[in-house]
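Positions annotated as signal peptide by TrEMBL: 1-21. According to TrEMBL, the feature Cu cation binding site maps to CYS66, CYS70. Residues or ranges marked as domain 'Cytochrome c' in TrEMBL: 206-298. As annotated by TrEMBL, region 'Disordered' applies to 305-332. TrEMBL lists 315-324 with the feature compositional bias 'Basic and acidic residues'.
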Amino acid sequence: MIRRRSLFGAIALATTLAATSALPGRWGLDYFPNTSLLDQEGQELRFVDDLLDGRIAVVNFFYLDCPDICGLATARMAKVYEWLGERVGEDIVIISISLTPERDTPEELAAYAEAFGAGEGWYFLTGEPEEVEELRYKLGERSTRLSDHRSDMLIGNVATGEWRRTSLMGNLAAATADILALDPDWEPPRTPAKVLDGATLDSFAEKSRVGEGLFSKGCAACHSIGAGVRVGPDLEGVTLRRDHDWLMRYIRTPDRMLAEGDPIAVKLDQEYPTVRMPRFGLGEKDAADLISYLHAETLRLEELPREGSASDQAHNMDGKDTHGNDAAGHAH
Ligand code: HEC
């Protein structure tokens, strides 16, 4: 028996195994079924004729009720989407296919897409269960249980027939470069560290400070600390507004607290109805490290002069226990 890995274990493994595994190789257009699918606007689209349509394609799988990895994968895909910029919708298409098409309706997919800022050129798709099943099998998503589904991207250039996989959980700038490199005319930028405007090779890479690496890898795609609401709430001050035990439990088992009717978890779920905080299978040490990082960041931010947003709840914390965390130690 294989023990169920924690999500971060799964991420580490996916990163080492799938950085860009050579498979699948060459696929001509006749390889793919021309499955009829429905996108988040309820439009009927054919997989080959309308979606691939001669373009560079990025394909992944998810489902709306997913308690763990899908939300994080989609949030990370949103970063790739942003970096690919205007080419998405032109010669690049992003195709996210539901693994529970019997449940996921276009209306729900539309709300989900919106929560992640998906627009032009990024399709969230559902369809007839048997047909979607055939398509996913062809695309190499052959897991027999939902919880085991792949979290990487299948990327390919329809014109050259070259297809491969790249990880969504490793270095995202490198993954973005893998996609662009499918275009034979793409020239990688001269400076190796700089792959694209706004995306450097160490964006999202592990950071050394306790908790920071975990945060940037597993949380930052959905949460900012002090830069406003993203997919989930801004976590600045969260260590002041919630107590430590509650945070420990919530970070480790948000789904269970919601199911138990914990009043704060229920309220948060109502405020953020479309995307759910994932369950990561984190151990106590990791959760505690994340909390100390959130707290250190909160204290650091409270010290900085900010316009118009004096947070009243935090003044009793000002001026003490600052650990000398200075702005220079922080990379965001
Ligand atoms: C896929 C997006 C996503 C990811 C990734 C994510 N969260 Fe969340 N988080 C949410 C959402 C959405 C909520 C609001 C509750 C809900 O709807 O489930 C939330 C709520 C929270 C809260 C409660 C905030 C409050 O005001 O009380 C904490 C704490 C939190 N997340 C911490 C984390 C940490 C730590 C990580 C990384 C290990 C993380 N989250 C990763 C989406 C995410």
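Glycine too: its Cβ is placed from the backbone N, Cα and C atoms.
TrEMBL annotations: computationally assigned, not manually curated.
These figures come from a predicted structure and were not determined experimentally.
According to DSSP, the domain 'Cytochrome c' (206-298) comprises 50 helix, 0 strand, 43 coil. Computed over the domain 'Cytochrome c' (206-298), the whole-number mean pLDDT of the model equals 92. Counting every protein chain shown, the Cβ of CYS70 (Cu cation binding site) has 25 other Cβ atoms within 10 Å. Listed in sequence order, LEU146, PRO278 are the same-chain residues six or more apart from CYS66 (Cu cation binding site) with CB atoms under 8 A from its CB.
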